[in-house]
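Each remark here refers to the structure printed beneath this line.
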C-alpha cells in the first residue's frame, strides 16, 4: 500500500504540472495580452484583478510573477504599478487546492473539513489584500520598504532557484508536453512577432555531437542562409538543436485544442489519483496509527514554548514549499489530509502561511539570477511578494482573536457540507465573476469604484457585525434584528436556491 500511495502521489503532482500547462495553452496568449495594456495596469485595483485572472488562467503564480519581473526589468512597468498585480497573483494561486477539495465531495464530513482547509488560504489572501492594497495606494508602504532593503544590501547576482521537485516529475511530464513560456512573456512585453507562434515547444536543447554529425551529413535542407534542417535536427546560425520528444511535437491541432485535451486528461488523472489516495490513506490510517499521527501533527510544543508551535509549523510549510517549489502542490497535497481529519484546520492554517512564504523565497532566488542592470528592480518585486505575505501574517496570525481566516473558512466548510453545489458557486464568484465585475467598475474610474465599493464594503461590515452579535449576544440588538427572518427567504438562506438546483438536477437526471 505504501509504494502504491507514493505512486499515486507522484501521478497527482505530475497531473497538477500538466494541468498548469493545459491552462497556459488555453489561455496563455490571452494572459499576455492582458498584461500588455499598461494604461490598465497603472490602476491599482485593475492591476490586482489582472493578477488574479492571469494566475487563474495560467494556473501558476510563478509564471505570472516571472512575466511581471520581465516587464519591470525591461522598463515596461514600474515597480509601484506591479505591486497590486503581485497581490492578485497571490489570490489566484489559491484556486488549485480549492479545486482539489471538490474531489472529496462524496463524504459530507470529509468535504466540510477539506473545503475549509482549502479556503483558509483564500480567506487569508482576500483579507490581506483588503487591508494592504488601500494602505499601499495611500502610503506606498511595500514600495518604500523594499526599495530601502535593496539600497541597504549590496546585492550580487546569484543562482537560479533549485528545481528539486522537477528533477523527479519532469522526466514524465516532458514526455506529455513541453511549453515555450517565453512566448507569453514576449506578447506581454510587446513582441508582435510571437503572436502567431505556438506555445508548444518543437525544438529543444542542443543535440549530442554524434547526432549532430549524423544529422549534418550531406545534403542538408537549407531553406535560408544559416537555417538548415534534416529529419529531427535543425541547424540555426550554426547552433544544432534536436527535435523535442513529446506527444504533441508534430500535432496539427491549435494550442487551444491541445490545451483542452490536456485539461480533460489531467483532471481525470488528478481526480482518479486523489480518490485512490484518499482510499489508501483511509485504510492505512486506521485505529491507533491514525490517532498517533494526529497526535504528533496537531500537538503543541511543551508548555513554555507552546506559543511557538504555529511559527514552527510555518517554518515546516515554508521548507516543504521551497523543496517542491510550488505552494499549489504543497497546499493541494495537504488538502486530502485535512479532509480525513489527520491535520486540523488550526494546524493547516500556519502550514499554509508558511507555504506562502516558501513560494516567495524561490522567486527571490530567481530574481538574484537576473543580469546586473535588471537585478535591483527584479529583486525589489520579489521582495514585495515576500513582505506582502509577512505583513498578512502579522495582521492575521499572532493574536488568536485576529485569526479570522480560520473562522471564515469553517463557516464556508459548514455551508458547503449542507449545500454541495455552493462550492462550485464559490469558485465561479470568487475567482471569475467578482474579479471581472471589480475590473469593469475600476475601468469607469475612481469615482465609480468608490461609489459602488464603499457602500458594498459598508454593507458587508454591517452584516458581519450583526451576524457576530446574533451568535454571541443577541440582547444588544433591537428585537427585529435578532434574526434575519424579516427579510425575504432568498436574501438570508440558500434553501430556495437549493430547491431550484435540486429540481433542475432531478429533471435533468430523469430525462437522461
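Cβ from N, Cα, C; glycine included.
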Between the ranges 233-255, 256-278, 279-301, TrEMBL assigns transmembrane segment to 256-278
Where TrEMBL places transmembrane segment among the ranges 311-337, 473-499 = 311-337
Sequence gap of 6 or more, Cβ distance under 8 Å, 3 or more pairs: do the transmembrane segment (81-103) and the transmembrane segment (311-337) meet that?
-> yes
Candidate ranges 6-27, 256-278, 375-399, 419-442 - greatest C-beta contact count to the transmembrane segment (448-469) (under 8 angstroms) = 419-442
Which one, 6-27, 256-278, 311-337, 375-399, has the most C-beta pairs under 8 Å toward the transmembrane segment (349-369)?
-> 311-337
Long-range environment of the transmembrane segment (256-278) - Cβ separation under 8 angstroms, sequence gap at least 6 | 5, 8-9, 11-12, 14-16, 18-19, 21-27, 100, 103-104, 110, 176-177, 200, 248, 336, 339-340
Short question: which residues 6 or more past the ends of the transmembrane segment (6-27) have a Cβ under 8 Å from it?
-> 57-60, 63, 96, 165, 168-169, 172-173, 176-177, 179, 181, 184, 199-200, 255-256, 258-260, 262-263, 265-267, 269-270, 273-274, 276-277, 280, 324, 326, 328-329, 332-333
